[in-house]
Amino acid sequence: MKTLRHYLDETACEEPLKDLIELIAYQSIPIRDAFIDNQTYADTENVYGEEQAALDKWADQHIISVLGESGFVKAIASEEQADIVRFPDAYGDYSVVMDPLDGSSLIQVNLAVGTIIGIYRGGDPLQKGEDLAVAMYMLYGPMTVLALTVGDGVFTFAMNSEGIFVLLKEDIQMPEGKLFGSGGLRNEWLPGHQDFISLCEQSGGKLRYSGSFVADFHQILTYGGVYCYPAVVGKPEGKLRLVFEGNPIGFIAKQAGGAISDGTQDLLTILPEKPDHRTPIYVGSRKIIESAESCMKQ
Ligand code: FDP
């Protein structure tokens, strides 16, 4: 049985980074425990004007307080915070970007949701996705699964009955599959995106879209295909966020041989302008992302 720690000890990561990864991964235990008491909406809105689920707020506060006390991180950019949270006295020199609870609308219906995390070296969380040191997510489904890359392939771990992450799959390669799912209302899609979805349908693609980016991406990582949240009429920037969602998931996709694009360029090459930088997202198997880009160009 190979544990997360055994795996980390085989990587080139420095000790404090290994400790930080483990610390974050095991917050899945208290977060999962908090589901039962945080099933409703919180009557507040986040910086994007979106209703916050009670669990969004709980997970956000919890991770910020654990990381603040740990001394590992100089800064945290969270989807639930308007501003970057800074810890100038931290002895560690990392910054964390996070969506503490992705897929909020599915909490009340007990479908899979997750926590998305990126770690950069240095105190600036507004870096390009390609400069991430670590990208990971914890997926709260029938099992608690951790997907992790430290820039040397993608590995998944499942939590066993003793609360230990054990290796599930190593060096995952995303196949050229045919699943597809798109956010946004069909009657608001722009022509290039409509053409792309028609192409997916005509080539025998199967529709898969749950309302949780992290869960839908995990399916794409396993079977191949594409998840997209496009630009729509009146919202050329789409819905998802570059810093907290696009970059960590895109880094994992690329490490698994897949690709991520905003429809015109590799998402990981974009320098974020601000924490709440939004972007259209196409992520999945490499060839499908190439077809998405060529549809967008026409
Ligand atoms: P949510 O707002 O519920 O956290 O990140 C935003 C996100 O969910 C993604 O997880 C999900 O794929 C998408 O938005 C769902 O948006 P729609 O309800 O517009 O489909």
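Cβ atoms are placed via backbone N, Cα and C, with glycine included.
According to TrEMBL, the Mg(2+) 1 binding site annotation covers Glu79, Asp99, Leu101. According to DSSP, Leu101 (Mg(2+) 1 binding site) is assigned to a strand segment. For Leu101 (Mg(2+) 1 binding site), the number of other Cβ atoms no farther than 10 Å from its own Cβ, over all displayed protein chains, is 31.
The Mg(2+) 2 binding site annotation in TrEMBL covers Asp99, Asp102, Glu245. Around the Cβ of Asp102 (Mg(2+) 2 binding site), a 10 Å sphere holds 25 further Cβ atoms from the protein chains shown.
Among the features that TrEMBL reports, substrate binding site is placed at Asp102, Gly103, Ser104, Ser105, Tyr209, Lys239.
The domain 'Fructose-1-6-bisphosphatase class I N-terminal' feature in TrEMBL is assigned to 39-170.
The domain 'Fructose-1-6-bisphosphatase class 1 C-terminal' feature in TrEMBL is assigned to 176-297.
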C-alpha spacing of Glu245 (Mg(2+) 2 binding site) relative to Ser105 (substrate binding site), in angstrom: 16
Between Glu79 (Mg(2+) 1 binding site) and Ser104 (substrate binding site): CA-CA distance (Å): 12
Entries of Glu79, Leu101, Gly103, Tyr209 (binding-site residues) sitting next to ligand 1, with Cβ under 6 Å as the cut-off: Gly103
Count of other CB atoms lying within 10 Å of the CB belonging to Lys239 (substrate binding site): 19
